[in-house]
Amino acid sequence: MLSLILFFPSFAFAVTPVTPYFGPLYITFNCCLFGDSRSDCTKVQSPMSLDNPQNFCPNFSLKSSSSMFFSIHYNNHSSLVLFDNFNCRIEKVYYNGVNLSPRNQYSCYDEGVDSYMELKTSFNIKLNQMATILRCIKLIQLKARSSFTTLQDVVCRTNKYLPNNPTFALLSDTVPTWVQFVLPDLSGKTICIKYLVPFCHLNHGCFTAGSSCPPFGVSYVSDSFNYGFNDATPYIGLAESHDNVCDYLFVEAGTHNASIVGNFLFYPTKSYCFNTMNFTVPVQAIQSIWSEGNESDDAIAEACKPPFCIYYSKTTPYTVTNGSNADHRDDEVRMMVRGLLYNSSCISAQGSTPLALYSTAMLYAPIYGSCPQYVKLFDTSGSESVDVISSSYFVATWVLLVVVVILIFVIISFFC
């Protein structure tokens, strides 16, 4: 009996933390994933092209890198695979951010990589913020614009592709005007509480070789919302650089107006619809890079920041030992993504395990789930300190110990 009594205190003080599994996991069994060609089981090269377990393919919604970003800006583009589905799950994991194309075909003018990257980062920051607190993500087409007899789509010089959402349209005069767009509160069976709407314009907003250039301004306006840009002294002449400048706005469902002062009218033709959930769950993102022979961007990493997002970074270059090509079937990512086959109790930036006993030094925000932690019972300088568990494990251990002690006294009293 004495050995039994001594066993439980020693158990309580001897247990050590478990090293977390590094990579995305889920807690609720209600998880959706946004991937790319590396998670596309319909490819001819599958499964040799996959970075994820083959039986997890149905949970992935995307088949091309950065397609959520491209889909908000392009309606039709032969070289892009756009997001035409929707997901309605609690936990969200992204592995789709590497693609740089069409970085040099994103504006009529040569804004280069930096401006494109800023837009991609800005979009994903807002997407993460929305996805953390809202449940369903659905891309919907908005109602067609009103008829304008003097309206024509802006056409780029050379072969560059100006994004066609928001639609950039050219007016024959500078009379202030507006076009109405509706963000519906219901799309099919999906309730839409909030929308992620792109608000874009070309800076230096005058495209004329003449001697004058009228002021330029554009805004989205409703009874409860007003956001705009105004350029009172636009540049004159075709030689000036014109960048495609975008903000990404959280807008409630309802009727809104796109108003314009100047020659250009900008109005949205599609938007991401979200509906609500009653709790906050950070999204998770896995670093997506090309092999060392190709250029990769870090927009997803820049956008994945606490408290909205947990980012899992690779520790090695993209390395393929048995894949379809040098950019598909990375060994390290396949190991990381295998965690999606199992559910967990605690998710953190350091990793996760099904039943982890974490030291306080292991965890930093954001975390979610049940994360039992060790704390110091006492700490004397120079002497040995003792760890106990500040969680249900601690309570359960000592409750069991008390029960055993009581049983011992009962047995002793019975024989006495």
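Numbering starts at 1 and runs along the chain as it is shown here.
Every residue, even glycine, has its Cβ placed from backbone N, Cα and C.
Remember, predicted model here, so these are calculated numbers, not experimental data.
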Item to complete: From the candidates Cys108, Cys136, Cys246, Cys273, select the one that Swiss-Prot records as forming a disulfide bond with Cys192.
Response: Cys273
Fill in: Disulphide partner cysteine [Swiss-Prot] for Cys136, chosen from Cys88, Cys108, Cys156
Cys88
Worksheet item: Which residues in the same chain, at least 6 apart in sequence, have a Cβ under 8 Å from the Cβ of Asn257 (N-linked glycosylation site)?
Response: Trp178, Val179, Gln180, Phe181, Tyr220, Val221, Ser222
Response to the item:
For Asn294 (N-linked glycosylation site), the closest of the glycosylation sites by C-alpha position, picking from Asn59, Asn278, Asn322, Asn343, is Asn322
Fill in: Largest tally of Cβ atoms lying within 10 Å of a Cβ, found at which of the glycosylation sites Asn59, Asn278, Asn294, Asn322, Asn343
Asn59
Worksheet item: Taking just the CA atoms, what is the gap between Asn59 (N-linked glycosylation site) and Asn343 (N-linked glycosylation site) in Å?
Response: 14
